[in-house]
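If you check Swiss-Prot, you get these features:
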BINDING   TYR30, GLY31, LEU32, TYR33, LYS34, LYS56, TYR75  acyl-CoA binding site
COMPBIAS  1-16  compositional bias 'Basic and acidic residues'
DOMAIN    3-88  domain 'ACB'
REGION    1-20  region 'Disordered'
Amino acid sequence: MGLKEDFEEHAEKAKTLPENTTNENKLILYGLYKQATVGPVNTSRPGMFNMRDRAKWDAWKAVEGKSTEEAMSDYITKVKQLLGEAAASA
């Protein structure tokens, strides 16, 4: 299985993460996903009254230097880690 296919499989698995997954971890996944699928941030930072979108933008901006392949690989690793933690606490 290639990296892209593995990434897509883990993107589906990420949807099964428990509801108690921290916002911090969700934002890390969001940033890596956007970097892997879109590339560097291509929008302006949302205003200060739009906290949710601003946090998502910041998470994406934080991984801006990663290549598509690095972002995919890091995303897969993070999903595996979170699924492992969820299984251990179940």
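Here the Cβ of each residue, glycine as well, is placed from N, Cα and C on the backbone.
Projection of Swiss-Prot feature records onto the structure.
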{"residue": "TYR30", "record": "acyl-CoA binding site", "Cβ within 10 Å": "19"}
{"residue": "GLY31", "record": "acyl-CoA binding site", "Cβ within 10 Å": "25"}
{"residue": "LEU32", "record": "acyl-CoA binding site", "Cβ within 10 Å": "26"}
{"residue": "TYR33", "record": "acyl-CoA binding site", "Cβ within 10 Å": "22"}
{"residue": "LYS34", "record": "acyl-CoA binding site", "Cβ within 10 Å": "22"}
{"residue": "LYS56", "record": "acyl-CoA binding site", "Cβ within 10 Å": "17"}
{"residue": "TYR75", "record": "acyl-CoA binding site", "Cβ within 10 Å": "27"}
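Across the residues of the domain 'ACB' (3-88), the predicted structure has a mean pLDDT of 97.
When the record's acyl-CoA-binding residues TYR30, GLY31, LEU32, TYR33, LYS34, LYS56, TYR75 are compared pairwise by CA position, the greatest distance found is 15 Å. Tertiary neighbourhood of the compositional bias 'Basic and acidic residues' (1-16): same-chain residues 29, 33, 36, 69, 72-73, 75-76, 79-80, 82-83, selected by CB-CB distance under 8 Å and a gap of 6+ residues from either end. Listed in sequence order, the residues LEU27, ILE28, LEU29, GLN35, ALA36, ALA59, TRP60, VAL63, ALA71 complete the 8 Å Cβ shell around the acyl-CoA site centroid, once TYR30, GLY31, LEU32, TYR33, LYS34, LYS56, TYR75 themselves are left out. Counting residue by residue with DSSP, the domain 'ACB' (3-88) contains 60 helix, 0 strand, 26 coil.
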